[in-house]
């Protein structure tokens with residue numbers, strides 16, 4: 001019998017089903033919101049909402065297909081989806097079914113291993129089977145992370161902006177925002193746990209209070225950042241230039257570190273651009289190096305932007321915020337209710353920033369599992385001598 005920390009448990013299998021349901025609900029609510037905007041003739045909002053969905057799907061399909069091809073070339077790893085022809089594999093990813101295919105594959109393999117009625121396998125076979133399940137889960141968690149920060153998080157930003165600036169609010173919007181938030185939160189925690197589980201020199205992330213504190217740190221800093229960006233966008237559409245600059249800085253940072261995650265140069269550039277998108281909203285360690293200095297600088301900039309957004313808005317604010325549920329043109333001067341609404345947003349930014357950074361400090365000071373050594377970033381290519389996903393696991397980004 002394998003130790004509990006080396007077993008892919010039945011509870012993890014059921015959590016995978018929950019993750020799949022969140023993913024489907026998130027995409028479905030976004031599609032429903034696109035249709036709502038089209039019916040109301042808000043074609044710009046429909047186009048932006050649909051664009052976020054398509055970009056997230058496209059990027060994850062590119063990585064999923066590339067990883068399938070690399071894993072199938074691995075002479076020592078067991079090829080995955082060996083029953084599928086190359087053309088069928090391409091067709092699945094062109095139709096946007098890459099992540100769903102991986103979910104089905106993981107659930108089928110997990111069910112076969114966890115509820116097997118055949119004779120008991122040898123310890124070596126059992127260890128290898130459970131290791132492959134963790135590999136599949138880790139690949140899937142990274143795809144979900146990219147999907148969350150290329151689709152769910154930008155979707156949240158867009159809907160918050162519409163509520164603050166145009167008073168656009170509906171039940172469909174709130175459902176869309178709720179599922180986007182759940183999908184992003186799930187991706188962050190699942191990725192972090194898979195990362196710690198996949199690094200041989202690191203202890204697995206403890207459940208319970210450490211996971212809750214880590215989740216609060218991520219959600220609070222992310223929420224305050226989205227609110228600050230929304231205020232800047234309400235102030236001027238040119239704030240999109242600032243967002244683009246932050247994305248470019250993150251992409252150039254990944255380039256400067258000379259990441260070598262992919263076997264193809266074009267895919268590596270897509271990877272670096274995706275890294276830049278994640279760095280726009282939250283911090284992670286791109287190369288597995290010491291994080292104290294980069295993280296400190298990142299969150300100093302994070303706090304500066306969060307402080308500057310309300311200040312600039314208060315100084316340059318001419319038309320007041322539109323209250324949710326109202327469509328009438330705002331008066332020339334802000335009313336007491338609108339001022340209260342503005343200060344509520346400012347308070348949420350301040351509390352989110354302060355509480356999020358406090359959770360960050362508490363987690364890394366008291367709850368972060370220690371590691372024996374750092375893992376270098378490696379090329380995930382054929383000849384790595386590892387099972388599917390095995391090499392990729394050792395060079396995962398450290399959130």
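Glycine residues also receive a Cβ, built from the backbone N, Cα and C atoms like all the rest.
Note that the structure is a prediction, hence the values are computed from the model and not measured.
The feature transmembrane segment is assigned by TrEMBL to 12-35 (among others).
Beyond the transmembrane segment (42-68), the same-chain residues lying 6 or more positions past its ends with a Cβ under 8 Å from any Cβ of the stretch are 27, 30-31, 33-34, 80-81, 89-90, 93-94, 96, 98-99, 101-102, 139, 142-143, 146-147, 150-152, 154-155, 158, 162, 168, 262-264, 267, 270-271, 274, 380, 389, 392. Residues or ranges marked as transmembrane segment in TrEMBL: 42-68 (among others).
The transmembrane segment annotation in TrEMBL covers 80-104 (among others).
Residues or ranges marked as transmembrane segment by TrEMBL: 226-249 (among others). Long-range neighbours of the transmembrane segment (226-249) within the same chain, counting only residues 6 or more positions beyond its ends whose Cβ lies under 8 Å from a Cβ of the stretch, are 153, 156-157, 160-161, 164-165, 273, 276-277, 279-281, 305-306, 309-310, 312-313, 316-317, 321, 345, 348-349, 352.
The transmembrane segment feature in TrEMBL is assigned to 269-286 (among others).
Here TrEMBL flags 298-317 (among others) as transmembrane segment.
Here TrEMBL flags 340-365 (among others) as transmembrane segment. If one looks beyond the transmembrane segment (340-365) by at least 6 residues along the same chain, the residues whose Cβ comes under 8 Å of a Cβ in the stretch are 164, 210, 213-214, 216-224, 227-228, 231, 299, 302-303, 306-307, 309-310, 313-314, 317, 320-321, 323, 334.
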For the transmembrane segment (12-35), sequence-distant contacts whose Cβ falls under 8 Å of one of its Cβ atoms, 6 or more beyond its ends: 46, 49-50, 52-53, 99-100, 103, 106-107, 110-111, 114, 137, 144, 147, 151-152, 155, 172-173, 175-176, 179-180, 182-183, 186, 190
